[in-house]
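J.: Submitted below is the structure of interest, expressed as structure tokens.
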Amino acid sequence: MESLILVLVGVLVAVATYLILSKQLLRVILGTAVLSHAAHLLILTMGGLKKGDVPLLGESEGPYTDALPQALILTAIVISFAVTAFVLVLGYRAYKTNGSGNFDEMRGTPDE
Amino acid sequence: MLQVLYIFIPMLAAILVPFLYKSIKNIHTGWFVLAVPATLAIIYTTYIAKVADGEVFHAELPWIPSLNISVVSYLDGLSLLFSLLITGIGSLVVLYSIFYLDKHKEKLHNFYVYLLLFMSAMLGVVQSDHLITLYFFWELTSISSFLLIGYWFTRDASRLGALKSMMITVGGGLMMLGGFILLYLMGGTYSIRELIVLAPDLVHHPLFTWSLVLLLLGAFTKSAQFPFYIWLPDAMEAPTPVSAYLHSATMVKAGIYLVARFTPIFAVSELWVWLVTGIGILTLFWGSFFAVKQTDLKGILAFSTVSQLGLIMSLLGASAVAYHTNGAIDSIKFAAFAAIFHLINHATFKGSLFMIAGIIDHETGTRDIRKLGGLMSIMPISFTVTAIGSLSMAGLPPFNGFLSKEMFLTAMLALQNFEFFGFETWGVFFPIIAWIASIFTFIYSFYFVFRTFTGKYTPEKLPQKPHEAPIGMLISPMILATLVIAIFFIPNFVGDTFVKPAVQAIQPFLYDSPQDIDIHVAAWHGSLTPELLMTIGIVIVGVLMFVALPKWQGMYTRFPQAFTLNNAYDKLMLGLDVGLNRVSRLYMTGSMRHYLLYMFSSIAAIVIGSLFVKNAFTFSFQNTAPIRSYEIILVVVLVIGTAITILAKSRLTAIIGLGSVGYTVALFFVIFNAPDLALTQLVIETISVALFLLAFYHLPKLGKREERMRFQLNRAIVSIAVGVMVTLVALSAQSQKLIPTISKYYEETVYSKAGGGNIVNVILVDYRGFDTLFEITVLGIAGMAILAMIKLRMNRKEKTHENK
């Protein structure tokens, strides 16, 4: 199971990289979102996917699934959401002020 | 302790100079400055007698004790001689500068601060027994020399000359530091004296040759040896007292000092002998040959200095041969003595010649030898001093240059007698080159004095009406000229007092004390020795060639400008400037995609490369969970979602594709028993997609042309490489788990110690609450930043709107 998910993570990372190397601002942000999904899945998989019960004490006698990666991912999800939201609004502003979302047209001022 | 402080006296005095200059306007600041080198010269004179008896003085001032770095003042024959030259000629130069520099027109406070700083630095160089402080003072001489050359900073030529000398000497200084560090690594001590004791063991060390070459690079750049001499002629843009002091008597001899000081360590090496002697003799010839070409008085003197430094350098190289002969051939013992003797002589006559060049410039308004002539009757004293200096430089009796030139020829003749290092075949070239170079030296010495003072007097060519210089300006060159003659008549007094202690410092293995040195200088050896015959030859050929000079001087113009070393230096600097600019423009394209491509490809290459180089890739199916059917379905859904994201023609489709990826990940969290994650993921994915749609909605009209992402092969290759890299690393890591999880502790204590049942939540707020605190902070900052980004811009826009 783990190997399958890790190959899937590889596919997600490849797709994310491809998107990040795009010309369009929106696609780059899409790429970062895909990359964070890949990272979260990777953390979960590396923690081990062996069947255990939901890590809730009252629900069963155990053994439980490893709870630590889940806590880490939860933190990571919130942080990546904050960053994605920020970058999206930044992109939105870039559209508004520059009138373009194309990286080839957003290269700063030419050298003096 | 006190002895160390002497080094710093000029530096401390330099602090007072600006105050004196500002507060006492009617007295030339130079008079106050004069007291400093004069006092120091008197102090160092008191050491002479004891040092001549073979005593050495040593004082230490800790600087960074934990690194064993201290300022050490070590006075033996060699460093005392240099200290006397620095303070003695320093006094004369300061006296000369009082009359040379106008107290109303010049920025005297700058001048004397730089000069005193230089004096301290130079004293530090010659007295330091510690490699690191030696380097410290060495670079201080480079910096103060840079400041002094650029003294008239409004002139382009001054700034260019200063920059050039800085680049070359500091470059060499850094090489020297490298050599010093290698010496420390080999010997384990910073002290030069201790390294000399260790010298026999150092020879076989693999770093020995490296440190030798690096150290010589430092010495050659500072002492203007071939091919690094090019900065010295350009440094002539400095005021003449500076040229006289730094660029003839002191700083350019720092390299000579370095070679002399390290001779006991490196002399056993064949490379040292060949490099020092060979480069020295080449510089001697090159400098004397091109001196005849110059038309600027200081230009002639600059090339002459280069040439004479080469002479001293070649003698020092020859003196290293004495380590290998066991005294079999006595004449080679002259080499070290001749080097030091000529160093003293050169300081006297070259100092006076520079001062005269300055006087001529000062009194006639030009230094161009083509405009000068017939000044003999107008400036009789200057003429006398020049004649003495030039004839000594040419090597004629009754001047001190004759004695050192004789000994030089003796040592060069002796070189061919040695049957090692290949001297038996190549050694014959040394006296021949030396002889030819001496002829050119003779020619330019005559050229200098006779083209300036005899011939037709042409007042209409001169910017000013010439007249004899004020007596104050002439005192210093007159003193030096007197020394030039005096040394000829009392060479053995000078030899016993100054030269022999220095020779003993250069060749400590040969002599136990200065008295052991059995060298007696004589102008006349009682018979026609080969070197005397050579001198007679020099005079005859020199006179003939000087008379015929107008016929052959034209050949210098035939030398193509493109092949000169100056041109090579300029081309190198320009080439570096343009070339490196081009290189950075090549990869600094300004496009973010290119930078990301560099980053991703190098990460993938490095990680995949090291995985296989280190043979770290492993793969095992052990400890893995079984694959279930609905997991496969989810994987397929996820792959389809990403494929939509990447292949979608419209951006809206891509955003929906991303949403599907997010929700599928949430489903993964469900089946892998992570309910909190699934909840969060669902909510956040919803908000994210909404935000994406917001950004999508506000796309500008222009760029709304919907198009599929164009396929690019390099992008695809890099992306696949990065994906493969992540999978390979993850599989290897997953297949070799070393230690079990620590989550057992959480499971066991979550209720008993933390009083909760949801392990994930208790970890978040109890066990690892700090993570959560700062994650909240991140969210807060992001919220504020978004608010600020929207609000602040809006406000400004509205304001400008109102203003309009």
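Cβ coordinates are placed from backbone N, Cα and C, and glycine is handled just like the others.
These came from TrEMBL, pasted as-is:
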- B:64-112: domain 'NADH-Ubiquinone oxidoreductase (complex I) chain 5 N-terminal' (DOMAIN)
- B:128-423: domain 'NADH:quinone oxidoreductase/Mrp antiporter transmembrane' (DOMAIN)
- B:636-701: domain 'MrpA C-terminal/MbhD' (DOMAIN)
- B:716-791: domain 'MrpA C-terminal/MbhE' (DOMAIN)
- B:6-24: transmembrane segment (TRANSMEM)
- B:166-187: transmembrane segment (TRANSMEM)
- B:207-232: transmembrane segment (TRANSMEM)
- B:272-292: transmembrane segment (TRANSMEM)
- B:299-322: transmembrane segment (TRANSMEM)
- B:372-396: transmembrane segment (TRANSMEM)
- B:532-549: transmembrane segment (TRANSMEM)
- B:595-617: transmembrane segment (TRANSMEM)
- B:629-648: transmembrane segment (TRANSMEM)
- B:655-672: transmembrane segment (TRANSMEM)
- B:678-699: transmembrane segment (TRANSMEM)
- B:711-733: transmembrane segment (TRANSMEM)
J.: Six or more residues beyond either end and a Cβ under 8 Å away: which residues meet both conditions relative to the transmembrane segment (B:711-733)?
T.: 597, 600-601, 603-605, 607-608, 611, 616-619
J.: Could you check whether the transmembrane segment (B:207-232) packs against the transmembrane segment (B:299-322) - three or more CB pairs closer than 8 Å, residues at least 6 apart in sequence?
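T.: Contact confirmed: at least 3 Cβ pairs fall under 8 Å.
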J.: What is the three-state DSSP composition of the domain 'NADH-Ubiquinone oxidoreductase (complex I) chain 5 N-terminal' (B:64-112), stated as helix, strand and coil residue counts?
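T.: Helix/strand/coil tally for the domain 'NADH-Ubiquinone oxidoreductase (complex I) chain 5 N-terminal' (B:64-112): 32 helix, 8 strand, 9 coil.
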J.: For the transmembrane segment (B:655-672), find every same-chain residue at least 6 residues outside the stretch whose CB is under 8 Å from a CB in it, and list them.
T.: 630-631, 634, 637-638, 640-646, 648, 678, 681-682, 684-685, 688-689, 692-693, 696
J.: Mean pLDDT for the domain 'MrpA C-terminal/MbhE' (B:716-791), as a whole number?
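T.: Mean model confidence (pLDDT) across the domain 'MrpA C-terminal/MbhE' (B:716-791) is 89.
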J.: Report the DSSP secondary-structure composition of the domain 'MrpA C-terminal/MbhD' (B:636-701) as helix, strand and coil residue counts.
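T.: Helix (H, G, I), strand (E, B), coil: 56 helix, 0 strand, 10 coil.
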J.: Can you count helix, strand and coil residues in the domain 'MrpA C-terminal/MbhE' (B:716-791) using DSSP?
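T.: Looking at the domain 'MrpA C-terminal/MbhE' (B:716-791) with DSSP, the answer is 59 helix, 1 strand, 16 coil.
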